[in-house]
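Okay, so here's the structure we're looking at.
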Amino acid sequence: MDQPMKPKTCSESDFADDSSASSSSSSGQNLRGAEMVVEVKKEAVCSQKAEREKLRRDKLKEQFLELGNALDPNRPKSDKASVLTDTIQMLKDVMNQVDRLKAEYETLSQESRELIQEKSELREEKATLKSDIEILNAQYQHRIKTMVPWVPHYSYHIPFVAITQGQSSFIPYSASVNPLTEQQASVQQHSSSSADASMKQDSKIKPLDLDLMMNSNHSGQGNDQKDDVRLKLELKIHASSLAQQDVSGKEKKVSLTTTASSSNSYSLSQAVQDSSPGTVNDMLKP
């Protein structure tokens with residue numbers, strides 16, 4: 001009926017189950033740790049690979065830059081350092097140009113100030129000159145109003161003495177203001193001198209005739225001497241008439257050539273004066 005209860009005892013199977021459970025837990029932990037180690041190793045390998053790739057690319061880039069510089073040295077650089085250096089150089093050039101332009105502006109402004117000052121001085125000088133010109137014009141007008149009119153100048157002829165012995169070709173020159181009036185005066189002088197010469201010849205012939213007649217009457221000589229005296233008188237009268245005809249012809253020529261120079265008029269008057277004493281001397285000879 002009722003059986004007594006027996007105590008439970010651990011058998012080998014129980015021990016086996018416990019060991020299996022503990023081993024499974026430890027194996028799971030080992031697997032997790034191995035996975036973590038594998039992941040860390042993978043990450044390290046990837047980083048190393050990226051670094052190696054970067055180094056390779058940098059090396060290739062440097063090689064390509066060297067090759068490009070060797071092929072085309074004027075080719076613009078595209079790296080950051082070259083760009084920065086180029087910009088810095090450009091800024092320096094721009095600053096130098098700005099300084100140069102500032103210096104030029106200063107010099108030009110100084111020159112402009114000097115020119116403005118000179119322009120003002122020239123304006124002042126122009127104003128003073130204008131005032132001086134106005135004053136001089138006023139003085140000139142005043143003098144013209146108060147000035148006495150000048151008497152017109154009359155040209156007088158220069159007298160000269162005719163040389164009878166050793167006639168020279170020298171003719172005195174008289175500078176005159178009005179040559180027409182001088183020519184008219186020379187013609188009048190020539191006509192007056194010729195008229196005086198003819199009057200002198202007539203006055204000299206008449207006393208000679210009277211003297212000859214008186215001498216012929218008082219001498220008491222014959223008719224032969226009277227005839228000789230008459231012939232001499234006729235010859236002298238004929239010579240005087242020829243001289244008068246020459247003088248009248250020369251006067252006509254002078255009247256036709258009124259536009260001739262003063263030297264020709266003087267030479268004609270000299271010729272007339274030279275001829276008239278010769279005729280008188282011829283008449284006075286016995």
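Just so it is clear, glycine is given a Cβ too, placed from its N, Cα and C backbone atoms.
Under the heading region 'Disordered', Swiss-Prot lists 1-34 (among others).
The compositional bias 'Low complexity' annotation in Swiss-Prot covers 18-27 (among others).
Residues or ranges marked as domain 'bHLH' in Swiss-Prot (evidence: sequence analysis): 44-94. This prediction places the mean pLDDT of the domain 'bHLH' (44-94) at 80.
Per Swiss-Prot, region 'Disordered' is recorded for 182-202 (among others).
Annotated compositional bias 'Low complexity' per Swiss-Prot: 183-198 (among others), in sequence order.
Residues annotated as region 'Disordered' in Swiss-Prot: 244-286 (among others).
Residues or ranges marked as compositional bias 'Low complexity' by Swiss-Prot: 255-269 (among others).
Swiss-Prot lists 270-279 with the feature compositional bias 'Polar residues'.
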By DSSP, how many residues in the domain 'bHLH' (44-94) are helix, how many strand, and how many coil?
43 helix, 0 strand, 8 coil
